[in-house]
Amino acid sequence: MDAIILCAGKGTRLHPITESRPKPMIPIAGKPIIEHIIEKIENHVEKIYLIVGYQKEKIIDYFKDNPKIEYILQEKQLGTGHAVLTAKNFIKGDFLVLNGDVIFEDSIDEILNYENAVSLSNVDNPENFGVIELGYDNKIINLLEKPKKEEITSNLINAGIYKLQNSVFGILENLAPSERGEIELTDALKKLIENGKLHGVELKGYWNDIGHPWDVLSANNHFLNKIISKVSGKIENTVSITGNVIIEEGAVIKPNSVIEGPAIIKSGSIVGPLAYVRPNTVLMKNTFVGNSSEIKGSIIFENTKIPHLSYVGDSIIGANCNFGCNTITANLRFDDKPVIVNIKGKPVKSVRKLGAIIGDCVKTGIQVSFMPGVKIGSNSLIGANCLIDRDIEQESFVYKKDELVITKKRN
């Protein structure tokens, strides 16, 4: 049996992080979402076909040494069903299909017992997903995409993991495009439901559909709490390390720094002196957290520098960023309500604590502050003494026009 993983989409709800990488390459607990998926299935399949499109080189380069993986280009993103169809000539028998942006803990063993099956997850907000109604013997009797609250009959939703027979390709080929003009995999599933040929298997463990920045941080927190301590880097004098912490070889923790796990500090990173890394933090390769800086519950991407007197909380900071002295990310509203984030032009409630979401190659001057939930596009410059209270598009230069008044002093 082979597997197909859908990785071609742009992930626009995760801008600015996905301005520079495909969504499946966003790191969760130090490794890409798609790597977590592959680890779950690779012992069950002979080949893994990654359906790639947007920024495909990032995926291909990362997995170039894995002999099980092959790549199929979806030149135009014409729907999930169309993406699966691109693999038709490569798949000879039954196969798995997985969305490239779902992360989960359960084994896939149970779904393999059926000819056609969908993994299900029990969630608190089913209106945001495809809601599944189960009948006798785990047969699916209804699938309703993003229903109104009054239409919801179940909290079980389509978890984006499928076991399908080869005959599904024939169903997909005969589907009419949806209202969006796309070939939808869910329309093929509805055909199977009509014929009583689709089963549902409920996942009992953790599952998350990574659709928003706070989903990234939530999944990161969950999987960090599964790590086992391993300290291979250089730990200098008077360093305090508590909890489960991974410090890779080549990382350096300088004197008087405090590391509280769970946390991961990757190779080439330098922390301190007198730095504070708090729980649920990941420092990717070659990052620098300097004197009297504090990082809490955040993901700091490769080659980013947060040199001194800065605070980063509940934030995602892209690669190759450089923060000026006393750069601060606020992460909590005065009224304790969920932080509002602008997603594709609409205000969306996120979570109680959320800092800044900053793209790659952003530089800040001294004393820059970011209000909760703001997003800063890639390759932007933020001048000194700015308070950023709104989203900034990529390639922007932001500065403050304060007038400096100089007069003769009084005698």
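Glycine is no exception: its Cβ is also placed from the backbone N, Cα and C atoms.
Among GLY130, GLY170, only GLY130 appears in Swiss-Prot as part of the N-acetyl-alpha-D-glucosamine 1-phosphate site alongside THR80, ASN142, ASN158.
On the 0 to 100 pLDDT scale, the model's mean across the region 'Linker' (205-224) is 97. For the recorded positions HIS308, LYS401, counting C-beta atoms within 10 A of each C-beta gives the highest total at HIS308. When the neighbouring Cβ atoms lying within 10 Å are counted for each of the binding-site residues (LEU6, CYS7, ALA8, ALA384), the highest count belongs to CYS7. The Cβ of GLY9 (UTP binding site) lies under 8 Å from the Cβ of PRO22, LYS23, GLY53, TYR54, GLN77, GLY100, ASP101, each of these being in the same chain and 6 or more residues away along the sequence.
Sorted by the number of other CB atoms within 10 A, the binding-site residues GLY79, GLY130 start with GLY130, the lowest.
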